[in-house]
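Take a look at the structure set out below.
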Protein chains: 2
Amino acid sequence: MSESMQGLKRSHYCGELTAVDNGRVVTLMGWVNTRRDHGGLIFVDLRDRTGLIQVVFSPEINSASFTKAGGVRSEYVLAVTGRVSIRPEGTDNPNLATGEIEVLVDELRVLSQAKTPPFYIEDGVEVDENLRLRYRYLDLRRPEMQHALHLRHRAAKAVRDFLDEHGFWEIDTPMLTRSTPEGARDFLVPSRLNAGRFYALPQSPQLFKQLLMVSGVDRYFQIVRCFRDEDLRADRQPEFTQIDMELSFVDVEDVLELMEKMVSRLCREMVGLEVETPLPRFTYQEAMDRFGSDKPDTRFGMELVDITDIARGCGFKVFTSAAEEGGQVRGINAAGCGGYSRKDIDDLTKFAAIYRARGLAYFIVTAEGAKSPITKFFNDQEIAAILERFNAREGDLLLFVADQPDVVAASLGALRVHLAEQLDIIPRDKFNFLWVTDFPLLEYDEEEKRWVAMHHPFTSPLEEDLPLLQTDPGKVRARAYDIVLNGIEIGGGSIRIHRRDVQELMFNAIGLTKEEAHEKFFYMLEAFEYGTPPHGGIAFGFDRLIMLLAGKKTIRDVIPFPKTQSATDLMTMAPGNVDERQLRELHIKSTLKKLPDQNNNKNK
Amino acid sequence: MSESMQGLKRSHYCGELTAVDNGRVVTLMGWVNTRRDHGGLIFVDLRDRTGLIQVVFSPEINSASFTKAGGVRSEYVLAVTGRVSIRPEGTDNPNLATGEIEVLVDELRVLSQAKTPPFYIEDGVEVDENLRLRYRYLDLRRPEMQHALHLRHRAAKAVRDFLDEHGFWEIDTPMLTRSTPEGARDFLVPSRLNAGRFYALPQSPQLFKQLLMVSGVDRYFQIVRCFRDEDLRADRQPEFTQIDMELSFVDVEDVLELMEKMVSRLCREMVGLEVETPLPRFTYQEAMDRFGSDKPDTRFGMELVDITDIARGCGFKVFTSAAEEGGQVRGINAAGCGGYSRKDIDDLTKFAAIYRARGLAYFIVTAEGAKSPITKFFNDQEIAAILERFNAREGDLLLFVADQPDVVAASLGALRVHLAEQLDIIPRDKFNFLWVTDFPLLEYDEEEKRWVAMHHPFTSPLEEDLPLLQTDPGKVRARAYDIVLNGIEIGGGSIRIHRRDVQELMFNAIGLTKEEAHEKFFYMLEAFEYGTPPHGGIAFGFDRLIMLLAGKKTIRDVIPFPKTQSATDLMTMAPGNVDERQLRELHIKSTLKKLPDQNNNKNK
């Protein structure tokens with residue numbers, strides 16, 4: 001049976017005792033990590049969130065406690081009182097922070113017993129993730145998970161300290177908001193008091209933070225939960241956390257400078273990393289041209305090389321027609337891959353095809369020059385020029401795509417990263433931050449047959465591009481910026497439109513009628529008429545940032561209680577069934593013929 | 001038209017300039033608070049969140065700017081560049097922090113024009129609250145609202161700093177959780193990916209924070225949004241914010257001590273108030289006996305006085321029968337109210353009746369002794385004893401209720417506060433914090449004909465009362481505590497049950513079968529089997545705390561974007577209508593014959 005802790009008070013955490021405490025009487029409380037019986041004594045490694053310490057039970061110190069200790073098992077919760085003692089010579093454990101000492105236990109209380117856990121409470125366990133999520137409260141006991149929770153706490157604290165020092169006020173915006181179907185799918189919340197109407201959980205506080213600028217708040221931030229009811233491909237969660245901020249009377253440069261300071265400080269304080277600032281900046285065009293990506297990973301080279309000019313005159317139809325039809329011919333140098341087999345190259349071709357590349361031409365660079373089925377279409381000068389442009393050496397493999405610019409960029413950009421991973425040439429210890437700026441304001445949506453906002457419809461165009469908004473929308477550049485770390489977008493933002501007339505032009509450009517725009521955003525358009533400061537902001541994906549700082553591969557490892565790809569919480573089995581009465585009160589009913597099986601509603 | 005701020009950079013905030021800056025060239029940006037034309041000059045009070053500064057336009061400094069300034073109106077957004085100058089003698093404004101100086105403007109840019117706002121942007125305006133909420137972005141421009149937002153930010157920061165220093169980790173728990181219908185009504189969120197099932201928005205992170213203790217997190221906190229779909233009587237909001245925390249290996253005393261430190265620091269840092277600790281502590285029983293309330297306001301006296309023993313032997317049937325039937329006779333001394341008319345006393349009787357008191361007996365204390373229709377039922381000694389017990393003086397009014405203890409407490413407790421407000425004897429500058437402890441664990445629900453948890457079913461009974469749980473549940477005291485400020489409960493918590501067997505006893509006591517308990521709380525009961533530390537916690541109503549610190553009368557004045565009593569946001573008109581398609585995807589439909597009028601969906 002469990003004993004009470006009444007009358008006891010913990011004096012120290014397990015991990016904070018050292019040899020300096022030798023002789024001190026301490027009371028510790030924690031979990032049994034391991035128990036060993038040896039030489040007539042019982043040794044327990046007691047664990048709390050600070051670490052482990054060895055506590056020793058001896059029949060000579062307290063025989064009742066010794067007897068009781070004989071019954072303890074892994075994960076029992078104990079309170080022990082005893083004297084800190086330097087370990088006998090030769091028995092210290094250099095792998096343990098407290099390895100020089102042990103606690104000779106007088107009083108023992110068993111505060112809670114424990115069944116055998118379904119997996120070992122230790123780092124690096126190979127356990128099915130669903131089992132870990134089902135018993136998340138045990139999974140979180142593992143030191144690496146505790147470390148991730150602590151890092152998450154410290155990072156949030158550091159961000160708050162930084163922003164507070166820089167004049168930002170944290171202001172909480174509503175979770176029960178209005179659905180504005182533009183962008184991802186909303187989670188809806190039926191209203192009981194307003195029959196037939198629904199709240200939406202926010203995809204971001206975008207409109208509220210802009211309204212706070214209209215309010216004169218000047219500098220706002222929030223570490224805030226956001227929601228998207230999207231299919232959870234890749235590493236997405238239905239609820240996720242953003243560091244969200246907005247500033248008045250600023251231009252792009254002000255935001256970038258300040259964020260560089262914040263990121264540097266975060267890296268220094270969290271992982272002891274010095275980030276060199278200013279961060280490299282690439283325009284969208286440059287990033288696409290050089291890396292085939294708007295989130296380039298610059299930890300390795302293998303940049304895209306343009307040979308459209310050379311290809312234009314060659315005899316290879318695929319190249320020439322691409323060049324003639326407004327397309328490009330570009331390639332990358334897979335250095336050292338000259339030995340790739342026909343099958344290897346076929347695999348790369350298939351990979352590039354995912355990104356709509358219709359083919360992948362190649363040169364194998366040998367001592368005798370380029371070998372390839374297509375060399376016959378080039379004269380010697382052309383081949384020499386190509387090899388030179390790629391800085392090609394014997395043993396290299398050049399890979400080419402000829403197509404429209406978007407296909408060339410997407411396929412070569414992906415191929416570049418794919419090859420780098422395959423070749424294992426990405427240095428793991430680099431943290432390459434960079435900015436991408438001057439994104440296109442709009443992109444054409446082939447399905448919807450209209451222009452859509454590349455970021456969101458509140459993004460300001462560059463002032464000099466404003467006249468193009470009505471004449472050549474695809475050419476308009478945005479005052480938008482993304483921050484990228486090691487090829488992953490960790491944040492993005494823009495200077496916003498702050499004039500009603502420009503905002504209306506923008507809505508018009510994305511095909512909203514005046515009425516539709518007003519129906520959706522009336523409060524925004526109205527607010528802009530009462531004196532609106534120029535403003536801009538940015539939002540960071542907090543989960544992703546923590547994932548990268550913690551060196552984890554999925555955001556599920558840094559979110560305390562994440563959901564699965566089917567948006568369920570395996571521990572509580574949310575979402576669950578609800579009573580008919582609850583739905584009746586909300587003026588809704590299920591359209592399903594048969595409600596889900598109640599038995600699926602709980603774990604067994 | 002609006003001008004661009006390109007090439008300009010704000011150098012200072014308006015409110016931070018002083019006479020020391022005389023001669024400095026500055027660039028300020030803000031809103032036109034007022035404009036006055038006087039003596040061939042134009043004076044504008046420019047406002048940002050730091051305050052006001054007078055900027056002056058003169059045709060002699062820059063005639064183009066002067067001309068442009070002739071067109072500016074209230075709430076226009078300006079950027080001005082000019083030189084700080086000491087105001088001419090006799091023209092300084094001692095009511096303004098920047099009143100010694102002004103800025104002689106060279107360059108002016110009008111960054112944004114403004115329509116005339118629907119109400120004045122100034123403190124203490126008498127404006128219909130609905131209009132303020134409709135134009136919340138303008139309401140928040142008012143200095144007192146900016147102050148409230150800033151206080152809210154600073155208080156959250158101070159709480160986080162304090163808890164971080166004391167070893168707490170802020171850990172975010174899910175918003176999309178499982179409905180556990182015990183307590184208030186949940187907001188539900190239909191799941192698209194799990195047809196027929198629903199998430200619930202959390203009423204509090206109670207279960208998650210307890211599971212974090214099972215995880216060994218040791219000290220958790222979170223400033224967190226919570227949701228209750230209740231009818232919004234009084235000053236409630238459908239979404240509200242809590243400072244939520246939980247600690248392992250602690251007893252009541254540890255929690256109380258730590259929270260007193262936190263509250264003291266908050267009061268000192270936010271409003272410069274020194275709170276004396278330890279705070280006064282009352283058991284629930286004492287609070288009810290002395291103040292007729294479990295959240296006593298101790299800023300004034302007028303305590304309840306028990307005269308059951310004296311009343312027992314008197315000839316007044318109402319008193320004697322109450323005393324004989326396990327009831328009480330108690331009263332309060334409305335000092336100085338001896339002059340109250342029959343009508344005044346009738347009004348008090350009606351007031352007491354709201355709290356189910358069937359009558360209100362009274363003594364008017366005169367120079368000749370007690371006057372009352374009931375004095376005839378008492379002998380002189382009894383009357384003297386009563387007057388003495390109330391410390392009654394000439395001109396006082398004694399008011400008595402004879403009934404069951406709960407009715408006596410409720411009616412006299414309410415009457416006490418009512419009278420104190422009527423008499424205006426409550427000192428406005430006092431901040432009386434106190435603890436109420438040892439609450440009953442259970443209370444009997446007459447409607448449901450069962451015992452229900454007074455706080456929640458995870459509250460631990462006092463160890464010595466544990467045996468009563470099965471024999472006399474009403475007698476069991478809880479290890480629960482509330483913190484009260486000036487008669488308002490601002491927080492509450494308890495040491496929790498951490499043993500599965502006790503938790504099952506508790507569920508049994510509130511009438512849940514083993515199956516029902518498992519169906520609702522299986523993950524909690526299971527978790528308790530894997531080694532659970534003793535733990536406890538507390539949650540503060542953050543909105544209410546800020547309201548009290550800011551000296552406001554409603555939490556709507558300290559919540560950035562609050563909702564009305566009908567749970568609508570008048571600015572965005574949430575909740576709103578949604579497309580049929582959206583509902584179809586969620587596998588639900590409205591049970592209304594006719595959907596709400598689309599025209600109600602937006603402001604006109």
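Using the three backbone atoms N, Cα and C, a Cβ is placed for every residue, glycine included.
Residues A:206-209 are the range that TrEMBL records as region 'Aspartate', among A:206-209, A:246-249, A:250-253, A:314-317. For the ATP site that TrEMBL gives as A:ARG228, A:ASP229, A:GLU230, A:GLN237, A:GLY541, A:PHE542, A:ASP543, A:ARG544, the extra residue drawn from A:GLU170, A:GLU286, A:GLU489 is A:GLU489. In terms of DSSP helix, strand and coil, the region 'Aspartate' (A:206-209) has 4 helix, 0 strand, 0 coil. Note on A:PHE542 (ATP binding site): other Cβ atoms within 10 Å of its Cβ, all shown chains, come to 27. In sequence order, A:ASP294, A:LYS295, A:ASP482, A:ILE483, A:GLY541 are the residues near A:GLU489 (ATP binding site), counting only same-chain partners six or more apart with C-beta under 8 A. Nonlocal intrachain contacts for the region 'Aspartate' (A:206-209), taken as residues 6+ away from its ends with a CB within less than 8 angstroms of a stretch CB, comprise 173-174, 177, 180, 220, 222, 244-246, 456, 458, 521, 523-524, 537. Note on A:GLY90 (site 'Important for tRNA non-discrimination'): other Cβ atoms within 10 Å of its Cβ, all shown chains, come to 5.
Spacing of A:HIS455 (L-aspartate binding site) relative to A:GLU230 (ATP binding site) is 17 Å (Cα to Cα, whole number).
Of all Cβ atoms in the protein chains displayed, 24 besides its own lie within 10 Å of the Cβ of A:ARG496 (L-aspartate binding site). For A:ARG228 (L-aspartate binding site), the number of other Cβ atoms no farther than 10 Å from its own Cβ, over all displayed protein chains, is 19. Nearest in space to A:ARG544 (ATP binding site), taking C-alpha to C-alpha distance over the recorded positions A:HIS38, A:GLY90, A:ARG228, A:ARG496, is A:ARG228. When the alpha carbons of A:ARG228 (L-aspartate binding site) and A:PHE542 (ATP binding site) are compared, the span between them is 15 angstrom.
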